[in-house]
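What follows is one structure encoded as structure tokens, with my remarks underneath.
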């Protein structure tokens, strides 16, 4: 599925790459007074509508941060739900300004579709979930096991190559949707369920006895997910990239939505630079000087966003893992704001 | 000697009442008895737990999954989000606009389908020409002091109804014209109709929607952006009118040739003979086919979920991915199935009623 959509998008992009807007996206966004943001049609923790119809999630927070930086109001976002097949066309044709729809950063997408990835807001990877009864603690012990897999994804290919590499065998049990995969695992049709780790946690909640299932530590593929913009509009690319970097830097500097006002009094030059009191301010980005303050005040820092949407304050309870800040042994690292 | 007649005895108890009915209908011979037992076994073993799950052990209200303690169906998932399933992302303070729009429509339709209500002609003109304008301004806004509600906020059952009603109402006249065109003697009109019908019938609706949503924006200049809902609607109408045309053509072909000749011999023009003699008979004859197409269209509207429009099915699926409410997909899908069933069954019953009412007696039943 992913492959066909890629090929279609690639063919299209041959004739439409660099199909840039006459005016810059930032100017268009300011004139319109709203950021158009492409999101999923519903993915737990990343982007889904709550019962009041407000969008929430880790990917949604990137859009809100950009709106806070560019327009001073995180609510000024128009969410356009897109399916996996439509997403790149919607961005290329100018229907949306940012695509924040758990999209994996790959060479093909970055170089052939006329797109730019503005960062990685979630380091994902394919993982395994097993029943605790199995008494397994590592993927290396899974030789000969039956795997529940969702059809039409790259999951099966990754699994096959991992097992071949380690000289082990497996038998696949293929299901059509993620719901069915979860039911299959529940019913004992397979020993192991494999999918992207962020999905495993969402599936685990759907199980009859979530506590009996265990997500193994091994990750067998790289899936860096991040916001995407059109190629050829560096100004807007910078705005999106630095809006996300500001969320990371805020966490590193200990600035949260709760203490942002208090931090204004800080003597730390890095904090003052972040809040736009000194340093580069907003000039280079063509934004207001308090753009980063607005992000952290209205949306929060990356840590807050992570914990509230997918982490320990959410039902998903995903641990930070690779997504911890570099100072805590993770991969999330933003260049300094000075 | 006894000469008076014996009083008539009541029929044996084994042939009357419940037992008699069961003997006649369920256990009339060995094969039927076995079939009854097998089906009865499945009904008891399946229906019992299903009812237990859906009604006895179920929780109907609550604002979190914690409210579902009985172990059966958690209908709280549905009732808690009912507003969203009905109105999508429409702002809560503006729900009245959707309510009024559909209320006017419902009243007008009931007026039209009820026997012996006066001014049917005026009401149909209102529904076909004035109502769409009112509905547009009510739903979309932008005039008369109403706030603009962009179509990306529309969703739920109201979006399903908008797609289905506009699709049905617009496809009908196009379908009639195409059917007449296909039977026309004018070569260009005929060729156009045939090509149009065969083209649109030859592609799946999902392809049409996908083209409208994904390809079309790439071929027009960037300043022109068609609304996504409008694109989907145009796709549905183009597609549906081709199907409608073929159903109506079936009706036209079933009219005996004598009717055409009679109309001609009265000196009626083409349009007069069509609208007074041929079409009324053809449409009446094709009611089952037309309603069948309507029902198919109503269910097809759920395909818009592949282009990211939140009809009732898509919005239930999205609600299903709310991390606070994971794991209630069964309840969600049963609810959607029930909503679709209610509407389709309603249409089907009305068409049967209409058939009986318009029955003028060639084939008495």
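Placement of Cβ uses the backbone N, Cα and C atoms for every residue, glycine included.
Automatic prediction, not curation, is the source of TrEMBL annotations.
What TrEMBL says about this one:
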| type | residues | note |
| --- | --- | --- |
| DOMAIN | B:157-346 | domain 'ABC transmembrane type-1' |
| TRANSMEM | B:34-55 | transmembrane segment |
| TRANSMEM | B:95-114 | transmembrane segment |
| TRANSMEM | B:121-140 | transmembrane segment |
| TRANSMEM | B:160-181 | transmembrane segment |
| TRANSMEM | B:202-220 | transmembrane segment |
| TRANSMEM | B:274-295 | transmembrane segment |
| TRANSMEM | B:302-320 | transmembrane segment |
| TRANSMEM | B:332-350 | transmembrane segment |
The transmembrane segment (B:95-114) vs the transmembrane segment (B:121-140): 3 or more CB pairs under 8 Å: yes
Long-range Cβ neighbours of the transmembrane segment (B:34-55) (under 8 Å; 6 or more residues past either end): 26-27, 72-73, 334
Tertiary contacts of the transmembrane segment (B:121-140), as residues 6+ beyond its ends and Cβ separation under 8 Å: 97-98, 100-101, 104-105, 108-109, 111-112, 146, 148-151, 154, 162, 169
